[in-house]
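J.: Per TrEMBL, the features are:
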type	residues	note
DISULFID	CYS25-CYS34	disulfide bond
DISULFID	CYS64-CYS73	disulfide bond
DISULFID	CYS104-CYS113	disulfide bond
DISULFID	CYS142-CYS151	disulfide bond
DISULFID	CYS162-CYS179	disulfide bond
DISULFID	CYS181-CYS190	disulfide bond
DISULFID	CYS219-CYS228	disulfide bond
DISULFID	CYS257-CYS266	disulfide bond
DISULFID	CYS295-CYS304	disulfide bond
DISULFID	CYS333-CYS342	disulfide bond
DISULFID	CYS371-CYS380	disulfide bond
DOMAIN	1-35	domain 'EGF-like'
DOMAIN	37-74	domain 'EGF-like'
DOMAIN	76-114	domain 'EGF-like'
DOMAIN	116-152	domain 'EGF-like'
DOMAIN	153-191	domain 'EGF-like'
DOMAIN	193-229	domain 'EGF-like'
DOMAIN	231-267	domain 'EGF-like'
DOMAIN	269-305	domain 'EGF-like'
DOMAIN	307-343	domain 'EGF-like'
DOMAIN	345-381	domain 'EGF-like'
DOMAIN	383-409	domain 'EGF-like'
Amino acid sequence: DACTSQPCANGSTCTVSGNKFSCSCLAGYTGQRCEIDVNECGTPGLCQHGGTCVNLPGSYRCQCRPGYTGHRCESDVDECQLQPNACQNGGTCTNHNGGYACVCVNGWSGDDCSKNIDDCFTASCANGSTCIDRVASFSCICPEGKAGLLCHLDDACVSNPCQKGALCDTNPVNGNYICTCPQGHKGADCTEDVDESNSNPCEHAGKCVNTEGSFHCECLKGYTGPRCEMDINECHSNPCQNDATCLDKIGGYKCVCDPGWIGDYCSTEGNECKSNPCQNGGTCEDLLNGYRCTCRKGFKGERCTVDIDECLSKPCKNHALCHNIQGSYLCECRPGFTGGDCDSNIDDCLSNPCQNGASCVDGINSFSCICLPGFHGDKCQTDTNECLSEPCRNGGTCTHFVNSYTCKC
């Protein structure tokens, strides 16, 4: 096999044909054995836009000029999309082929708007003042006695025209002075007193008293503060007793008493039984800071509001039906029983149901009669006819009587 010795170089593929071989080269190589590197840079215009071609083993690389990118420098770089922005200090970026341009805002210059224009170069600060450069402007620091934007005016504040401790400023345009008056004064020189009572500065109906350069407020009861703006919290002195809750009100307070106490200060023990807290006929006993209810039979609970279900204890006897009612119960007895709890058997013999002198035996909702001889039936109401048994012999005639008979021979 001619390919066994790996005659093909640089990763090429070896193919056997009889006792010979051939090599299929990778891109970038040539020669019978693919041993020769192809110089791609020999191709004119391979790298675009003035890019420099560098030959590599089996390949090439383009070194692009600024403003271009891509394998062959074919793409324009949009510098305006870069971060941070190519144009500084608020400049507007415009991209063009192979570069960009910046339109700078006022006060800045340079290709990327990074240079502050020195406005002091053309400034005219007068009278020996010092110029301070700003962005798109400048300022003049004036020597004592001078004022104005260019220090070209005499400072009118030198004579201290503003009174009452007012702040004096010089108009930078005309050189006149301007007084900023303290509270309580007005006028061009701040010499006039302001009557604050005209503006009603006192709150909550407080009375305003004007004073020189100021005022003071005479507050109504329950308020305090320079303008009577604060409500006095009367609860701070803890006027409510016996753990009562104090509610602050305008000009006063209110005590919310705990149960068992009454009065403006909750200082008096109350009779809780006055409100009749015990219901359903319960008896109320007043206690210190409370009460106790003694409930009637059939009720329970702190205020005797709960009806006791007596049927739960099965008070009705002899399989009677129990009905719970308010404060008690009612037994519905089965036939043959009576009494509040159905515990008494009704004596069914009391009505003397047995006739003809028979004896009555009481049962459960029933009775039985023991008849005298000659009678029968449930109540011994039927006279027995002795002749039916044909007691008379030899053709004798039987005559029936009560509990007896006679034979007529």
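Glycine is no exception: its Cβ is also placed from the backbone N, Cα and C atoms.
TrEMBL does not curate its annotations; it predicts them automatically.
Map these features onto the structure and tell me what's around them.
T.: Secondary structure at CYS34 (disulfide bond), as computed by DSSP, is coil.
In the structure as shown, the Cβ atom of CYS64 (disulfide bond) sits within 10 Å of 22 other Cβ atoms.
A C-beta separation below 8 Å, combined with a sequence spacing of at least six in one chain, links CYS113 (disulfide bond) to CYS87, GLN88, ASN89, GLY90, GLY91, CYS102, CYS104, VAL105.
Proximity of CYS151 (disulfide bond) to non-local residues of its own chain (separation of 6 or more, Cβ distance below 8 Å) is seen for CYS125, ALA126, ASN127, SER129, CYS140, ILE141, CYS142, PRO143, given in sequence order.
Look at CYS162 (disulfide bond): DSSP puts it in coil. Here the Cβ of CYS162 (disulfide bond) has 23 other Cβ atoms within 10 Å, regardless of which shown protein chain they belong to.
Taken residue by residue with DSSP, CYS181 (disulfide bond) is part of neither helix nor strand, so it is coil. Remark: CYS181 (disulfide bond) has CYS162, LYS164, ALA166, GLY187, CYS190 as non-local neighbours, by Cβ distance under 8 Å and separation of at least 6 in sequence.
Its Cβ placed at the centre, CYS228 (disulfide bond) has 21 other Cβ atoms within 10 Å.
For CYS257 (disulfide bond), the number of other Cβ atoms no farther than 10 Å from its own Cβ, over all displayed protein chains, is 20. The secondary structure of CYS257 (disulfide bond), as reduced to three states from DSSP, is coil rather than helix or strand.
Secondary structure from DSSP puts CYS304 (disulfide bond) in coil. Within its own chain, CYS304 (disulfide bond) has CYS278, GLN279, ASN280, GLY281, GLY282, CYS293, CYS295, ARG296 as residues 6 or more apart in sequence whose C-beta sits under 8 angstroms from its own.
Sequence-distant neighbours of CYS333 (disulfide bond) (same chain, 6+ apart, CB under 8 A from its CB) are CYS316, ASN318, ALA320, GLY339, CYS342.
Within its own chain, CYS380 (disulfide bond) has CYS354, GLN355, ASN356, GLY357, ALA358, CYS369, CYS371, LEU372 as residues 6 or more apart in sequence whose C-beta sits under 8 angstroms from its own.
Here the domain 'EGF-like' (1-35) has long-range neighbours at 57-59, meaning same-chain residues at least 6 beyond its ends whose C-beta is under 8 angstroms from one of its own.
If you average pLDDT over the domain 'EGF-like' (37-74) in this model, you get 91.
Assigned with DSSP, the residues of the domain 'EGF-like' (76-114) fall into helix, strand and coil as follows: 3 helix, 13 strand, 23 coil.
Each residue in the domain 'EGF-like' (116-152) gets a DSSP state, and the totals come to 3 helix, 13 strand, 21 coil.
The list of residues near the domain 'EGF-like' (153-191) in space but at least 6 beyond its ends in sequence, with Cβ under 8 angstroms from a Cβ of it, reads 142, 144-147, 212-215.
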J.: Look up CYS266 (disulfide bond) in the DSSP assignment and reduce it to helix, strand or coil.
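T.: In the DSSP reduction, CYS266 (disulfide bond) maps to coil.
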J.: Where else in the chain does the domain 'EGF-like' (231-267) make close Cβ contacts, counting only residues six or more beyond its ends and a cut-off under 8 Å?
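T.: Same-chain residues near the domain 'EGF-like' (231-267) but 6 or more away: 220-224, 288-290.
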J.: Please report, as numbers and ranges, the same-chain residues at least 6 past the borders of the domain 'EGF-like' (116-152) whose CB is under 8 Å from any CB of it.
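T.: For the domain 'EGF-like' (116-152), the sequence-distant neighbours (Cβ-Cβ under 8 Å, at least 6 residues beyond its ends) are 105-109, 158, 170, 172-173, 175.
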J.: Where does CYS295 (disulfide bond) sit in the DSSP three-state scheme?
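T.: For CYS295 (disulfide bond) - judged by DSSP and reduced to three states - the answer is coil.
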